[in-house]
């Protein structure tokens, strides 16, 4: 789909977003159809028959859990696409934007519905990569690039952990298919690998879902265009980690470490997020920190691992997706229409932008958990779940109540500062009246707010799918009853207390706000994004230094390394070989005339090495070549002798022709290095000699040579076997050889004709 | 005899390696040439030199006697290698010539950048 976006955009011009939005809506409709059809304890498995790899089939799993997530992803996705068609109207590179947005949507849906764990991982990584491009959309801005890179590095690191974990789970379970794993009732809480897998999964979840201490990439990701933030931080990207936890809950949930780690991490994240949000002035940053807080809440609930808490987590996911998506879009609208997102500068919008404001206020109500919104039900369930866990309630209830109080206060603050007209604040001028804004721009927040309201009034609609989801998460049949009014009980008292305290915080917002500012300033010394960048920078620096040391660029040191290591390895191997140290084998008789020739050549080579005269060196080299040629001759290799003789002559001629233009030899290295090189060289020489002696000149009576000897005349019609091999049996090799020569000739020719400085002359 | 040739090859290798480790490019080229000669000799030696009749099929006979003739296959390989060695030598020398003309140095350590003037 995403690949079509650029073409579609050319075709549809400014309507792209709206038309494209039809696809997720269509998907949404199909999914809703499934949603109502789905019986209580079944999951539909759709096997596309495609295989990503032999073991990895691309099959999709439709159950309560994936449907809840899928509906949110496609529904909000459609709204966001429609929304961006106006928001992005004046950005350049819109094709790219739609391309990545739709691609991201597709991978998110794939992630949610994937049945195969490896496929799940692939989609997980795809969301990381596409979100990198989305966050970094305004890449001209350096901060944006940094934020995007940070998000990518962290989530990709988590992705790697996930891959390891997934492979280990797959190995232990014997299958990568979630459906099969569920059917086997596979659990490995007692397995010795459990802790390793747990840590890997924890890192994956914490990086993706911005849990403490990896939470810091999320506020940075606010550099993305607002539609992207609305999408990524409401129902998709960051919730992938939550989804993973829910998916794995039946396999590895419920252990002590699961409960402690996730409850503690979730709790800390929840509180930090809420706390930091109070000190922010930018609407988007406020929302970012409340998102962190909400993610913490979900992780905490899943960590508690009771049926009630999982139920609460699911409901809260829906609640959060609805209100956060709405609020982000609202921010975008306000930003577009007034030119600022600073709550200190915005005021009196209720009168000027009534539709947006009412939608936003409904979302804010949901966020602070006030009836009749779905948020209220969500919060009630959360409190209920926490109360039901006596061994943890001492910790989680105060943390939860504190965070919720802050949520209430934040909601009130946004409401008061932006929509009402506090004294002494200037109203901001609108760029265009709300009425003239296109419908699809406003549709997003309004729809989401209305859905939140409707579901709050009729929560029964969710019961069916919830119990299906819970069946697959907890492995037991649960009757889910959702209602607004639970009667007057502890939970309600807590809620009332929360709201009251929230109002108190709001009233004392000035002193509390400045206190928070002080604390934030203090903690900014440990500003994690900066620290992270520093870490990466140091790492790169280290890598650079290491590379410089190993890849120093001096070819002779490479050679020295190469030679000494080869020497050591070969000598070690030779020493451990059995047999005589100086091997004795049947030698052919010594031919004294050859020995004389060799001695002469040896002296010539040594002379060539040490002489200072270029011409002498070349002549000495020629002596060596002719000596070898004579050796060939005496041993019956006539063709070799002739060729060697000719080639040696040609090389000498070329050398002499070139040598005139070459410098004199100069002593470039010190005596010390010369001795060192000499030792290495002698070592290599000794090694080669030993190797040859040890090899015993094994002539394995090669049948190939015999074949040539037998058939040279019969099949090749030649009496000189060597020649027949070259031009007949191995003719293709010879053709290659001729090609090499031709290329060398062409190379030499061009080199000599080439005038590098020609450009300078003009 | 193999013993002596092996020592000879060892010596050629020692000289070749020593020249390879020099900073002067001309010496490096000499080293390469010596090494290629030495390697050819290794192939030659590994074919065995006990039987050293010319590998021809004598007149009047249809097949050669493999008990007598020098193994023809290594010879064919070396022949190819020698010729290619010629190509390499010619090319390196031309390259070296041009290089020296442009840079005026033959010290490898001066050759750190590709875009030297």
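Note that Cβ sites are derived from N, Cα and C of the backbone, with glycine treated the same way.
What TrEMBL says about this protein:
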type: DOMAIN; residues: A:56-98; note: domain 'NADH-Ubiquinone oxidoreductase (complex I) chain 5 N-terminal'
type: DOMAIN; residues: A:114-396; note: domain 'NADH:quinone oxidoreductase/Mrp antiporter transmembrane'
type: DOMAIN; residues: A:600-663; note: domain 'MrpA C-terminal/MbhD'
type: DOMAIN; residues: A:674-753; note: domain 'MrpA C-terminal/MbhE'
type: TRANSMEM; residues: A:58-83; note: transmembrane segment
type: TRANSMEM; residues: A:95-112; note: transmembrane segment
type: TRANSMEM; residues: A:149-174; note: transmembrane segment
type: TRANSMEM; residues: A:194-218; note: transmembrane segment
type: TRANSMEM; residues: A:256-279; note: transmembrane segment
type: TRANSMEM; residues: A:286-304; note: transmembrane segment
type: TRANSMEM; residues: A:310-334; note: transmembrane segment
type: TRANSMEM; residues: A:355-374; note: transmembrane segment
type: TRANSMEM; residues: A:491-508; note: transmembrane segment
type: TRANSMEM; residues: A:557-575; note: transmembrane segment
type: TRANSMEM; residues: A:590-610; note: transmembrane segment
type: TRANSMEM; residues: A:617-635; note: transmembrane segment
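Residues 65, 68-69, 72, 76, 79-80, 83, 87, 226-227, 229-231, 233-235, 239, 242, 246, 249, 283-284, 287, 290-291, 294, 297-298, 301-302, 341, 346, 349, 353, 356, 359-360, 362-364, 366-367, 373-375, 377-379, 381-382, 384-385, 418, 437, 441-442, 444-445, 448-449, 451-452, 455, 462, 466, 469-470, 473-474, 478, 480, 482 of the same chain lie 6 or more positions beyond the ends of the transmembrane segment (A:310-334) yet place their CB under 8 Å from a CB of it.
Outside the transmembrane segment (A:286-304) by six or more residues, the chain places 205, 209-212, 215, 218-219, 221-222, 229, 233-234, 238-239, 241-242, 245-246, 249, 253, 258-263, 265-274, 276-277, 280, 310, 312-313, 316-317, 320, 324, 327-328, 331, 343, 367, 382, 385-386, 389, 392, 396, 400, 403, 406-407, 410, 414 with a CB less than 8 A from a CB of the stretch. Residues of the domain 'MrpA C-terminal/MbhD' (A:600-663) grouped by DSSP class, helix first, strand second and coil last, total 54 helix, 0 strand, 10 coil.
Beyond the ends of the transmembrane segment (A:557-575), by six or more residues, the same chain brings 677, 680, 683-684, 687, 690-691, 694 to within a C-beta distance below 8 angstroms of the stretch. In the domain 'MrpA C-terminal/MbhE' (A:674-753), helix, strand and coil residues by DSSP number 67 helix, 1 strand, 12 coil. Across the domain 'NADH-Ubiquinone oxidoreductase (complex I) chain 5 N-terminal' (A:56-98), the model assigns an average pLDDT of 79.
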